[in-house]
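Reviewing the structure listed below.
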Amino acid sequence: MMFSVTVAILVCLIGYIYRSFKPPPPRICGHPNGPPVTSPRIKLNDGRYLAYRESGVDRDNANYKIIVVHGFNSSKDTEFSIPKDVIEELGIYFVFYDRAGYGESDPHPSRTVKSEAYDIQELADKLKIGPKFYVLGISLGAYSVYSCLKYIPHRLAGAVLMVPFVNYWWTKVPQEKLSKALELMPKKDQWTFKVAHYVPWLLYWWLTQKLFPSSSMITGNNALCSDKDLVVIKKKMENPRPGLEKVRQQGDHECLHRDMIAGFATWEFDPTELENPFAEGEGSVHVWQGMEDRIIPYEINRYISEKLPWIKYHEVLGYGHLLNAEEEKCKDIIKALLVN
């Protein structure tokens with residue numbers, strides 16, 4: 001009798017552990033029991049769909065075509081506050097898209113830093129944007145821009161990395177710099193990044209368990225926000241942008257967790273090893289870093305820019321992480337990329 005009870009308890013315990021570690025199946029848009037498809041989408045060669053949103057001047061009449069890559073816990077409806085008169089004056093066409101698993105784009109269980117570049121290239125080809133285009137990546141979305149610089153530099157007319165993501169396990173950036181930068185983050189975020197890097201199969205459990213605090217960014221903790229960021233957040237709460245409810249509708253694991261796993265994985269290259277895609281001066285690459293940013297360590301982005309002098313590095317005093325919500329700064333960013 002005692003043996004049977006012990007076996008039953010063990011079976012229940014194993015079942016509980018298995019369920020705790022195993023993410024739920026995604027709620028794929030357009031599938032039975034999944035959210036509806038409400039946005040235009042293109043079909044990729046591997047069968048996945050990417051949802052997108054166009055803005056600015058008409059695609060066929062544009063002087064400049066820019067693909068905007070949203071950051072963590074965001075979507076194609078991300079904010080990029082550039083005045084309409086600047087868009088019309090310069091003739092800019094923007095296409096924003098949901099990265100894999102976000103919004104209405106299909107999940108990509110095998111997503112990597114490398115796959116991000118080819119998603120962007122296929123999006124450009126399916127929309128017939130042309131042989132060359134600009135890419136602008138925000139925060140975690142900047143690793144997609146690094147990917148483009150590495151794998152499809154011949155397709156780029158220029159690139160911007162806004163408050164760009166830092167991987168604390170890059171191999172060519174001095175380890176003491178990376179370790180010092182990581183130690184500035186709250187302990188719970190340090191542990192989350194380490195889980196994503198060292199034991200990614202455990203990340204779903206780590207981010208859903210209730211025993212220990214895990215991620216400031218997912219829980220919406222404002223401890224990492226600068227004073228300017230807090231003002232932006234207050235305005236957003238008073239006037240929320242449409243589409244926010246769709247960001248994570250296919251499941252947190254398919255967007256947030258897989259995004260972190262890809263970003264914090266061991267990369268096939270280090271940013272400091274990148275080659276200048278515009279050696280003849282026909283384009284430019286820019287990094288914009290808010291100096292009050294408490295999420296992204298400016299020391300690392302400054303170091304990378306010093307190692308790659310062809311990157312035009314801009315430090316923005318008095319601003320934090322949410323540069324994409326600051327109209328004056330967005331105007332400066334676009335004009336530096338397209339005009340200067």
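The backbone N, Cα and C atoms fix where each Cβ goes, and this holds for glycine too.
If you look up TrEMBL, you'll see 64-183 marked as domain 'Serine aminopeptidase S33'. Here the domain 'Serine aminopeptidase S33' (64-183) has a mean pLDDT of 96 out of 100.
Residues or ranges marked as signal peptide in TrEMBL: 1-19.
Across the domain 'Serine aminopeptidase S33' (64-183), DSSP classifies residues as 46 helix, 25 strand, 49 coil.
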